């Protein structure tokens, strides 16, 4: 939704018509009414919100489900999933202002949904929903009723019913594998139909790769030979070697060694023989073309000594002499041995000569013709030497006068094909072509020209992509990167920062420079006895901590005087909008209202940072607006005042989300230490660790949850009293029901890894997926995968955003966040996703958050991942440059266009919701139903979906974000850095890259279908992604072609110069990027190591990955105690949804309040 001034931050992405400005101005309020558009720029078939393939299908469904308490305005493009707003249905893509007691409430205010007389609503917005269908008159079509039916959210529905009709792709899979019927596959270890189909799809995909490879190979090597099929060798004039002699412009092979003592050129059945002295010369006069086109043009004189007959047929025209091929020989009429010696006029010699096949054609270039010392002309492509007319036996023959005229007319270098055009002149020209031809003009056929066109067009495209990527990557490094993050720096300072990161990344144990923490902000030491004391009231807690932490007086700050100059009327601070600034603005207005009624009363400003930590400030309110304030931990990290901006931008609350599986204590400690000690204020960050099952990693003496809980202290609830709660897992069958425990407390440092003076008091929540009682005896109870861990958080954020019913686990998560931070979960705006073996640089989180705050269009970003064990083995050494170039060339290029296609799961940040303008409207991003529903899809019945969802879930999330929000940005921030341990064994690397390569292929296929990415046609990200997809699929063939070209260039002639230059540019520009962007010359060495390993990167790894298309395991990447045993079939059993309780958080809270009241009453009694 646009702001009050009609300025939409997304407008520059939209194709607006001339009337759009007035439309925008008319849509900024609830009462603006339904928009009227004159037309749609989106094709109708792409705007049907009842189509499950529409990127915003689930968003439209969600708004329909929640129409009783959500009110959503149209977007700036007039998008509206249900235009019949007056009948009670909602409008999509916008925001509303919540109504309660005649005042506007907070954004995402979670009010009682069961109250019928007072409607609670949520401010929410989205700019991504496709546009409605409009008829020719501009009227809005009604949304189809089939799409307005609510979805039963107690169970996430399967998105599509099974269809027995075979698709074209399935038919092709069966066709290409007709030779492998089901019984044979079952005999080979694939008894299940789904497994067999995966194998068939793998074979079909490999066949497609082979087709593409064959096309590329044909264009590279076969196309030229097909359309430019000149099988004969071409030799340039004066460069004919001594193994040949030239006869009438053609080169014939001369054998100089078989017959000793030979004195002249002799012709046998298929070979010319002659002495060494004749090699490399012009022997045209030894085999003269007589009595052809020159018959009756060249005639014998009456006293001619040349044998002739009555029909003017002559035996020869010129003396039968050899001459130099460069034309330097002078006429020689001396008779040797006898007249006609060496003229080869016998029938046997002539028949033998006519039977010879020339080995090559002699050619002249136009420059050579014009600049030659010889009198050369051209006729119909033949090069004629007029100087050879001086060799005519003038005493014995008569010839046309035109011969002398041509010779003396200074026609050198001209093409006389059109001049000699009438009948007699053409006969003369053909006669000259027979007797004085010395070669052909260097020319090409139409096929050869077409071949050159294809070659150079391909060359231009490839070089354009490579060079443009290089230039843009350099531009990003010099111009964009230094302006990103918390502060703008010059290139010198940027280099220093990069060097500091390089020094830090040389070893995983190397410590980063940490700031000393104020003693009041350090962790407190508690005895077990002190953990059970009674919670203080919210106001007492605020009063207790307000001055101690930030050294400001206990007196209440009046926002009307202290922030009025900075905080705009819409809740924006210097153009930057956050939940905190908007909440502060609203509470400031409430202060004004309350103070005007009772000057002695003023709402405590500090409460603005607690969101709904107190009951409604409006007297008489009976609605539950927040959780019970008495359960808040007494020593939570106090929220700073609104004007606390240590980095020059409003702070936003961030969840640092860590997923772990089988990591050891050192790896997990490394990650949590680095996150806890980042210089981003601990008041605005929350650590959240998810342990994926009761897993004991290989070599560990404790399970992963035990290790994680050992790093917590000062628990909200004693660990032995925490109960497991149910939730809907991303799985099939009985495993769809899972249980987890939630522990909340504060991070417990190890003084040996982080000195006490550098420790911050950071809240932490650990979620342990423990599984149902039925699976406690299994190998990996509770394990559902990393995607399920992410969905726990994402689904929770969606439920909070849309005020939906939630599971018990999600309510406990909400409750624990409230207890440990004093904040409702809707205050969090970003999520930093980190793997449990990653160490983050201290200022990384600050730079990432700063970029999010400064540009609300950014929905995701990543930093640079460094390898900490560079020289551990040859396996790690070959990865160093690959990591570097993937960031500083690929991601840098994509970042300039806001379309980074892969945000690595080990270190990336996503936006939960984004401010839409500065007037209180928000766009759910990571919490968007279209993201959550598609990412939590549990129906993986095709090879494509299995590779997307089971192997490359992190990359798929990035693709899903771009697919849902193609006009928003995903960027790369090199100022933010982390380091990790790369695989040091080849089998582990092989397993890791198998997953990465296969997920890359399938994700690129998803992205190449997105038509709304930046650019158009060849100048678009869609085209670049298409090129990357083809390039990835033909990597094994490409490296084979490269090796072939290099070997061919070494051993054969002519040298393929263009191909070698192209190869040098492709391999050389990354090296040049290192020289330009890197601050360490050592990367040149790592580049050399990488180039030597190209056969591994481009052949071994992708070939292995393609052959393992149907392998969906994680292989040797993560190992557990006892080995990676196969779990039971994921589809085993049925899902009993009755075991999962779904309620609103208010209903859960009301139940909790009653339970606590009963316990209190029973205790008193």
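The backbone N, Cα and C atoms fix where each Cβ goes, and this holds for glycine too.
Going by the topological domain names that Swiss-Prot assigns, residue 192 and residue 947 belong to different sides of the membrane. When Swiss-Prot is compared with the stretches 854-872, 873-891, 892-910, the one noted as transmembrane segment is 892-910. Checked against Swiss-Prot, the residues 82, 332 yield a single entry marked N-linked glycosylation site: 332. Looking up the ranges 1009-1029, 1030-1050, 1093-1113 in Swiss-Prot, the one annotated as transmembrane segment turns out to be 1030-1050.
Helix, strand and coil residue tallies for the topological domain 'Cytoplasmic' (355-452), in that order: 39 helix, 21 strand, 38 coil [DSSP].
Here the C-alpha separation of residue 332 (N-linked glycosylation site) and residue 303 (N-linked glycosylation site) works out to 21 Å. For the glycosylation sites listed here (303, 332), the lowest count of other CB atoms within 10 A around the CB belongs to 303.
Reduced to three states, the DSSP call for residue 303 (N-linked glycosylation site) is coil.
Look at the topological domain 'Cytoplasmic' (911-1029): DSSP puts its residues at 59 helix, 25 strand, 35 coil. Counting residues of the topological domain 'Extracellular' (192-340) by DSSP class, helix then strand then coil, yields 41 helix, 26 strand, 82 coil. Here the topological domain 'Extracellular' (1051-1055) is broken down by DSSP into helix, strand and coil counts: 1 helix, 0 strand, 4 coil. The average pLDDT for the topological domain 'Cytoplasmic' (1077-1165) in the predicted structure is 80.
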